[in-house]
Structure formats: structure tokens, C-alpha cells
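What TrEMBL says about this protein:
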{"type": "DOMAIN", "residues": "A:28-108", "note": "domain 'NAD/GMP synthase'"}
{"type": "BINDING", "residues": "A:GLY46, A:ILE47, A:SER48, A:GLY49, A:GLY50, A:ILE51, A:ASP52, A:SER53, A:THR203, A:LYS232, A:THR254", "note": "ATP binding site"}
{"type": "BINDING", "residues": "A:ASP52, A:GLU208", "note": "Mg(2+) binding site"}
{"type": "DOMAIN", "residues": "A:138-315", "note": "domain 'NAD/GMP synthase'"}
{"type": "BINDING", "residues": "A:ARG183, A:LYS216, A:ASP223", "note": "deamido-NAD(+) binding site"}
Amino acid sequence: MNTTQLKPFSKDILHIENIDAVCDSIIEKLRNDVFHTLQRRGGVVGISGGIDSSVCMALSAKAFGPNKVTGIMLPEQDSSDESRELAQELADKFGVGTLVEDITTALDGFGCYRRRDEAISRVIPDFDPDIDKAKIEIKQNIGQNLPAIFSITVIKPDGEVISKLLPAKEYLQIVAATNFKQRSRMSMLYYHAERLHYAVIGTPNKHEVEQGFFVKYGDGGADVMPIGHLYKTQVYQLARYLGVPEGIINRTPTTDTYTAEQTQEDFFYQLPFDQMDLIWYGWENNYPAEEVGAVMGKSAEEISNIYKNFERKRKTTEYLRMRPIF
Amino acid sequence: MLTATDVKNKVKKYILKETLSDVNQIDDDTLIFETGLLDSMGLLFLIEHLKEEFGVETQDEELVVEHFESIKNIVAFVESKL
């Protein structure tokens, strides 16, 4: 493998040196995409109090002007109150108007909660959705060369934790049911976008797009994705530069989808973001596992297995990124 | 009573059916995940099949590559649980 043209791998390799120019370029492109290519008058952004949607809203406010951006909060019964408070703080900081659309009733109508809880109860008969909390998670180490399998974890009010491997039928039903959340949010965002003749600003970052950590026609349904090419640590760098509130920057990224607290690392990525960014960069730029391992303090074999995990994730989620075939 | 050959034949038949592979493409040592023949859903369906076909339940801590990477390893795992 010829690596002579690659910069030596280092922990700083993804650091954006000229952050002001990079930000300006993203803002200029976003403005051009929305005003000229899409021919819309502004943008709606679903704001969750998370880092990605916050950066997208800040970029939108600078690209279109705050009066041409609407921040939409879309809580449901499982959302944390903190999410809404942080989203409002963000909108206030950037002078963006907000709307709150509680989608709990819509989700109830779809049977989202009932279908999810039925599947959980089939695996853990003792599960009581009224008082217990639940989440799905990957428990395996990413460094072993086996595809990830999800477990269901139920937390009883007294702190007892019950965890079981999810059978295929129940896993698929839980995911299909909870995906109503992202798809309902997408429907509501498009309602407001069409009402205002705005574009829907999508919030997925590079990992979500490429590893398939999004719901097809849910949070993957948008007109433009201004941070779809950025690594997570770069999103944080932009957040600091743009002045996103510290409470959002310091918050651990969660899915805000299940009733139990769940980080994105537990749910899907299996690695802390700072490590995942660097190893993903190493993988997609063909850095030898030995070179990356030496910098990351991991063995070449472990890096090699993580590379295989990335390759598997990208391959098995290709369906999510595909357009309809005709 | 299932013999080792019975287990192997049943596992192999399942893997061939699921991966739409030709019998000449897979041998007992082919690394079925490394070569991309099965993905994570494939592993999940395989675990379910082992339960239905052999009554073998896989626990969290048994989800290791040594038990599932090839037909030979899957057969050894099943036999250890029968």
C-alpha cells in the first residue's frame, strides 16, 4: 500500500486549522443551496438540544438571517425536559423563533409505544412500561471481529437491571416502532417547511450518514445536510466557534429515544467519538492499522477489527442511503 | 440423537440457504462474517435458527467470534451445548 502522500497519522489530524474560513464556506454553500438550488426562502431545523442540531441551527441563522429560520422542538413522552430547555436557550442565543410540537399523541395513534412495549414484554415478561425504563444497546466490544447484536435492558424502579439478547423478531419490531418517532418528526418539519416555503435543514453528521445511524425517511429525510461531511469532533469545534451554549457542548450525546438514559456510544457506535473519528479517518484514507494503532494506543489487530466493523456498518446500511430503484 | 455430522449438515444447509451461496463457495473453515457472507441481521437469524433447530440458546457472554466465525466453529459451539 502506498502511503507516501498521506500526512503522518496523529491525534490532531482532524483539527480544523482555519475554522473561520471553513465556517464561512459552509454558510455560503448553505445559503446558495437553499436560496438558489432549492429556491426556498429560509429553513426549518428540528432542534433537540443536541450538538448536531444546534450547530445546524447556528449555521442556518448565519446563512439566512435569524428571521428566516424556525427552530422546531418535537418532544414526546420519552424526551427529557433538559432537551427542550437547552433547545430554547440555543434559539434565544441566536435570535431564532421557535415552535413546540408535542408528537406524543401522533405516536400514540401510530401505536409506537404499544408496539414497542409488546415486543419488550415478550423478551422480558416482567417489564412494566408504566414504571420501568428500557433501552436497547450493543454490549460487545467493537474490537472483536463479529457483527454487533443488540440487547434489551430494563431498569426497575429499585435499580434492578435485567438485560437479554434480543431475538430477531423483537429487535426488528422495537426498531420499527421507535422509528415512528423520527418519521413523525420529519412529517411535522415538512408541514412547517411547506407552510413557510422553507427548506428542511437535516442535522446528521458524517458518522450518522456513513454508518447508517439515521432513520430512512425520518431524520434522513431533509433537503440539505450542512454538516453531513463533518466528523463529530469537528462538529464540536464548529459549535465552540459559533458560540453554541456550553450546556449543549458539554452534554453527552444521547439518542433521546428510549425511556432509559442511553448514550449514542452505547446504542450504536461502541467507541468514544474522539477515538471513532480518528480511526474512521484512518480507515477511509487507507492508513495502515499499525500506524493508527501506535497513535491510538491500540494493537494493530484491534484497529484492523474496528476497520472491518466500519466496513460492515457501511455495507449493511447501504440500503438506508439508497434512493428508490426504478 | 444428533451426530456431529447431522449438526454439520444442518448448519451448512442453513448457511448455504441464507447466503444464497453455492456449495463449492463455502467450506467448513470459510470465515462467514469476515468474508461478508452474513451481516449482523444474519448473525441474529442464525442465533434464532440454532435455538429452533437444536434448542441451543446463546447467552450474551457467548457472543464471541470463536463460536460463530465459521461452520466448523458453529458446529463445535452447538455440540458443546447439546
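Cβ atoms here come from the backbone N, Cα and C positions, even for glycine.
Not measured: the values here are computed from a predicted model.
If you take the Cα of A:GLY46 (ATP binding site) and the Cα of A:LYS216 (deamido-NAD(+) binding site), they are about 16 angstrom apart, rounded to a whole number. Under the DSSP three-state reduction, A:ASP52 (ATP binding site) is assigned to helix. In this structure, the binding-site residues under consideration are A:ASP52, A:GLU208, A:ASP223, and the one with the smallest number of other Cβ atoms within 10 Å of its Cβ is A:ASP223. If you average pLDDT over the domain 'NAD/GMP synthase' (A:28-108) in this model, you get 96. A:THR203 (ATP binding site) sits 14 Å from A:ARG183 (deamido-NAD(+) binding site), taking the Cα positions as reference.
Here the binding-site residues are A:THR203, A:THR254, and the one whose Cβ sees the fewest other Cβ atoms within 10 Å is A:THR254. You'll find the Cα of A:ASP52 (ATP binding site) roughly 10 Å from the Cα of A:GLU208 (Mg(2+) binding site).
Separating the Cα atoms of A:SER48 (ATP binding site) and A:ARG183 (deamido-NAD(+) binding site) is a whole-number distance of 15 Å. Cα-Cα distance from A:ARG183 (deamido-NAD(+) binding site) to A:GLU208 (Mg(2+) binding site): 16 Å (rounded to the nearest whole number).
The distance from the Cα of A:LYS216 (deamido-NAD(+) binding site) to the Cα of A:GLY50 (ATP binding site) comes to 20 Å. Taking every pair among A:ARG183, A:LYS216, A:ASP223, the residues listed as contacting deamido-NAD(+), the largest Cα to Cα separation comes to 15 Å. Between the CA atoms of A:GLU208 (Mg(2+) binding site) and A:GLY50 (ATP binding site) there is a gap of 14 Å. A:ARG183 (deamido-NAD(+) binding site) falls within a helical segment according to DSSP. Remark: secondary structure over the domain 'NAD/GMP synthase' (A:28-108) totals 46 helix, 13 strand, 22 coil, with classes taken from DSSP. Cβ neighbour counts within 10 Å, taken over all protein chains shown, single out A:GLY46 as the most crowded of the binding-site residues A:GLY46, A:GLY50.
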